[in-house]
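Enquirer: Quick paste of what TrEMBL says about this protein:
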TRANSMEM  6-25  transmembrane segment
TRANSMEM  37-56  transmembrane segment
TRANSMEM  68-89  transmembrane segment
TRANSMEM  101-123  transmembrane segment
TRANSMEM  129-150  transmembrane segment
TRANSMEM  162-187  transmembrane segment
TRANSMEM  228-250  transmembrane segment
TRANSMEM  257-276  transmembrane segment
TRANSMEM  288-307  transmembrane segment
Amino acid sequence: MDHFILSANVVLPLFLIMMAGYVMKRLDWVDESFLKRWNRVSFQFFLPILLFMNIYQTSGNLAEIFNLKLLLFAVGSVILSFLMLCVGIPMVEKDSRRKGVLVQGIFRSNFVIFGLPVTAALYGDIGLATTSIIIAVVVPLFNVLSVIVLEYYRSGRANLRVILKGIVTNPLILGSVLGIALLVLGIRLPYFVEKTLADISKVATPQALVILGGSFRFSSVRHHWKPLFLGVSGRLLLVPLLFIPISILLGFRQAELVTLISMFGAPTAVSSYTMAQQMGADDELAGQIVVFAALFSVFTMFMWIFLGKSWNFL
């Protein structure tokens with residue numbers, strides 16, 4: 001029961017904030033035009049600062065907490081799932097605006113928001129240090145791969161120059177890279193700068209969730225139910241069922257395993273909706289995947305944690 005409460009405590013606040021955005025839209029406090037402009041500000045300013053601070057504030061001595069085996073497996077599994085989806089999704093979905101959304105919605109998890117609280121609840125500061133290092137590498141990778149797949153399906157061809165431009169000018173990637181650079185070089189910002197950026201970063205996720213909730217239309221779910229089911233089940237069931245057993249077979253346990261469970265089992269990243277809208281993909285489907293994956297992840301995250309605890313892997 002404690003594991004279910006833990007999962008619910010992580011997920012339900014996110015869902016309630018999304019519902020607040022939906023209510024705002026229903027009350028006509030915001031309209032579509034405002035939400036799109038607000039979403040652009042979120043993408044260009046708030047979310048990059050959030051990613052920067054999540055990496056910059058990584059705790060612990062890098063040399064002590066660095067785990068090459070864990071890092072290589074995390075990176076390799078993300079790339080493998082991405083490649084498998086790039087091959088498989090076009091076989092079942094013909095709409096180019098949806099292909100990139102489905103690939104992104106399934107391989108890209110809300111690792112930052114889920115990984116840190118789940119690991120902290122189970123293993124404290126030691127677990128947080130392990131998770132933070134993986135976040136510092138995997139989150140930028142999520143963003144790079146998302147730009148590649150969304151740009152490819154937007155243009156209909158693999159234009160390397162366009163894709164590279166999309167990567168080097170993407171605000172989320174720039175924020176992540178800057179955070180990694182300062183972390184590796186050991187550069188610390190003045191306190192007043194840290195405090196300012198930390199306060200701004202606290203706004204990013206709630207704001208993105210409110211925008212998502214305000215943009216959500218329940219009436220359109222019936223038009224997307226097949227790709228929506230594929231996206232949510234792929235994110236919450238297929239990816240964890242493939243990679244969590246492999247993680248166990250490779251010998252990962254305790255904080256390492258719960259870090260991987262959070263990466264594989266967390267719902268779709270909130271920023272995937274923002275990126276889909278900014279890159280001309282089917283943002284309506286992207287938003288629906290985020291909402292429903294967040295809702296059902298209360299139960300699936302509980303299941304993965306419960307099974308891990310029951311079998312003494314965690």
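Cβ coordinates are placed from backbone N, Cα and C, and glycine is handled just like the others.
Set these features in their place in the structure for me.
Expert: Within the chain, the transmembrane segment (6-25) has long-range Cβ neighbours (under 8 A, six or more residues past its boundaries) at 31, 35, 113-114, 117-118, 121, 205-206, 209-216, 267, 270, 291, 294-295, 297-299, 301-302, 305.
Long-range contacts of the transmembrane segment (37-56) within the same chain: residues 30, 112, 132, 135-136, 139-140, 143, 171-172, 174-176, 178-180, 182-183, 189, 197-198, 200-201, 203-205, 207-208, 211, 215, 271, 274-275, 277-278, each at least 6 residues beyond the stretch ends and with a Cβ under 8 Å from a Cβ of the stretch.
For the transmembrane segment (68-89), the list of distant contacts is 99, 102-103, 106-107, 130, 133-134, 137-138, 141-142, 145, 149, 234, 239, 242-243, 246-247, 250, 252, 256, 259-260, 263-264: same-chain residues at least six beyond its ends, Cβ to Cβ under 8 Å.
Sequence-distant contacts of the transmembrane segment (101-123) (same chain, six or more residues past either end, CB-CB distance under 8 Å): 6-7, 9-10, 14, 50-51, 54, 78, 81-82, 85-86, 89, 93, 130-132, 134-135, 138-139, 142, 145-146, 149-150, 205, 227, 230-231, 234-235, 238-239, 254-255, 258-259, 261-270, 272, 275-276, 281-283, 285-286, 289-290, 293-294, 297, 301, 305, 314.
Beyond the ends of the transmembrane segment (129-150), by six or more residues, the same chain brings 51, 54-55, 57-60, 62, 65-67, 70-71, 74-75, 78-79, 82, 86, 99-101, 103-104, 107-109, 111-112, 115-116, 119, 123, 163, 166-167, 170, 172-173, 176-177, 179-180, 183, 255-256, 259, 262-263, 269, 272, 275-276, 279-281 to within a C-beta distance below 8 angstroms of the stretch.
Long-range neighbours of the transmembrane segment (288-307) within the same chain, counting only residues 6 or more positions beyond its ends whose Cβ lies under 8 Å from a Cβ of the stretch, are 3-4, 6-8, 10-12, 14-15, 18, 101-102, 105, 110, 114, 118, 122, 212-213, 216, 220-221, 224, 228, 231-232, 235-237, 240, 244, 258, 261, 265-270, 272-273, 314.
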Enquirer: Where else in the chain does the transmembrane segment (228-250) make close Cβ contacts, counting only residues six or more beyond its ends and a cut-off under 8 Å?
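Expert: Counting only partners 6 or more residues beyond its ends, the transmembrane segment (228-250) has Cβ contacts under 8 Å with 69, 73, 77, 81, 85, 92-93, 101-102, 105-107, 109, 221, 257, 260-261, 264-265, 267-268, 285, 288-289, 292-293, 296-297, 300, 304, 313.
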